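Peer 1: This is the feature table in Swiss-Prot:
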type	residues	note
BINDING	220, 221, 222, 223, 224, 225	NAD(+) binding site
ACT_SITE	243	active site
ACT_SITE	278	active site
């Protein structure tokens, strides 16, 4: 049974859907996609459940979410292994994701009270009350790179606020979605409060176009997110929260400090998760001169020797495969395209077996107009620069704005950088892929809108209701002109 609709597991009636390991082609999961009628059934079930769920005390909703958190903790190793098999990420990495699923729930609960709770104050003889109310039925679209952690950054705040949910995982990771939905089932949520529909493009279109949803919470590619944005144009009654990707710049100052620490920070920024994090560094700005040369020499040497293997290998790998052979081919084609434009490979990516490829580092300084694309994989573009002002200007030459970073021991350089850079996540002497769960996550431009994360997700899961209240009506001492009683 593939889908969880109205408190029951049902088989799909759409096209066949399968999930294989990206490292051995082993069949992990199979079923049939949800048809348009089944998507409608899930949305209708969520609509019916919303009428009751929104009225339940917060403490009761919180108890169900906390029960889910305990189940995640109890099953964290199984979750980690499922994610590792389905995405190809090393087991050490998926274990941190499994822990994050439960860990961010406490942050979401705190956010509910701090950002969407109820406040009362007195002013000019009136009682001013701020309340928050749920929006209704929320469609949640999950990505494949963090198939457990990122969707729950939407789902948990939505449920706490009193919304109901229809969740569509990525078609690349249906098994992870099913395992997590089984835990929600065990947590005892009433029928219809959360629903699962599996499928690819057609299922996603049916859910996004449903007239019964009140909002859509999306984490995924910029292309899909922009299609959703155009689709929702002219529908201000629907909430649309988009967390998309970035063409993220990382600037290395001549004052970068320790060479090994800097190289390690770059590798963690560019190649962790095989480059399949939306905050990964895509463009590396390196100063001209001997210090920049030394940095690149060491970076190429260390990157060439990164351990690449299947998720459960011993000793543990740093990188696994990409999520699919198709994704690997996209990176290899991007490398070829950049070479054709005049890029010089410092370390050339090579296709291995299955979806494995080696990382690429390519000097693109000579390319007059660098394509503004997100290469979602282990491909790092290097640009040599003369001044920090030039580097920042080049770094800002992108339609995206997700993350950026500066490696520098000079406080004045950091002050200049943080004042002039355009990005939502800006780190100093830290990897670009590091972010706090209780900080805003996202950025301006084509990287999305709002700030989808455990804490700030509370903002788009409820709307504020402002009230001015008094126990009785009041008759002023002086009436408005033209009124006689």
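In case you wondered, yes, glycine gets a Cβ from its N, Cα and C as well.
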Peer 1: If I take the alpha carbons of residue 225 (NAD(+) binding site) and residue 243 (active site), what is the distance between them in whole Å?
Peer 2: 8
Peer 1: Can you tell me the three-state DSSP label for residue 223 (NAD(+) binding site)?
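Peer 2: SS state of residue 223 (NAD(+) binding site) = helix.
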Peer 1: Can you tell me how many other Cβ atoms are located within 10 Å of the Cβ belonging to residue 243 (active site)?
Peer 2: 26
Peer 1: Beyond the listed site residues 220, 221, 222, 223, 224, 225, identify every same-chain residue whose Cβ lies within 8 Å of the center of their Cβ atoms for the NAD(+) site.
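Peer 2: Same chain, not in 220, 221, 222, 223, 224, 225, Cβ within 8 Å: 218, 226, 227, 228, 244, 245.
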Peer 1: For a quick check of understanding: among the binding-site residues 223, 224, which residue's Cβ has the most other Cβ atoms within 10 Å?
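Peer 2: Result for the most crowded candidate: 224.
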Peer 1: Rounded to a whole number, how many Å is the Cα of residue 220 (NAD(+) binding site) away from the Cα of residue 278 (active site)?
Peer 2: 9
Peer 1: What's the CA-CA gap between residue 278 (active site) and residue 223 (NAD(+) binding site) in angstrom, rounded?
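Peer 2: So the alpha carbons of residue 278 (active site) and residue 223 (NAD(+) binding site) sit roughly 13 Å from each other.
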Peer 1: Would you mind reading off the Cα separation of residue 222 (NAD(+) binding site) from residue 243 (active site), to the nearest angstrom?
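Peer 2: Each residue's Cα considered, residue 222 (NAD(+) binding site) and residue 243 (active site) end up 8 Å apart.
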Peer 1: In angstrom units, rounded to an integer, how far apart are the Cα atoms of residue 243 (active site) and residue 221 (NAD(+) binding site)?
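Peer 2: Given the Cα positions, residue 243 (active site) is 8 Å from residue 221 (NAD(+) binding site).
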Peer 1: In the structure shown, which of the recorded positions 222, 278 has the fewest other Cβ atoms within 10 Å?
Peer 2: 222
Peer 1: Going along the chain, which residues six or more apart from residue 221 (NAD(+) binding site) have their CB under 8 A from its CB?
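Peer 2: Expected: 244, 245, 374, 376.
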Peer 1: Once the chains shown are all counted, how many other Cβ atoms turn up within 10 Å of the Cβ of residue 225 (NAD(+) binding site)?
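Peer 2: Neighbour count, Cβ to Cβ under the 10 Å cut-off: 22.
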Peer 1: What count of other C-beta atoms do you get within 10 angstroms of the C-beta of residue 220 (NAD(+) binding site), across all chains shown?
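Peer 2: Summing over all protein chains shown, residue 220 (NAD(+) binding site) has 22 other Cβ atoms within 10 Å.
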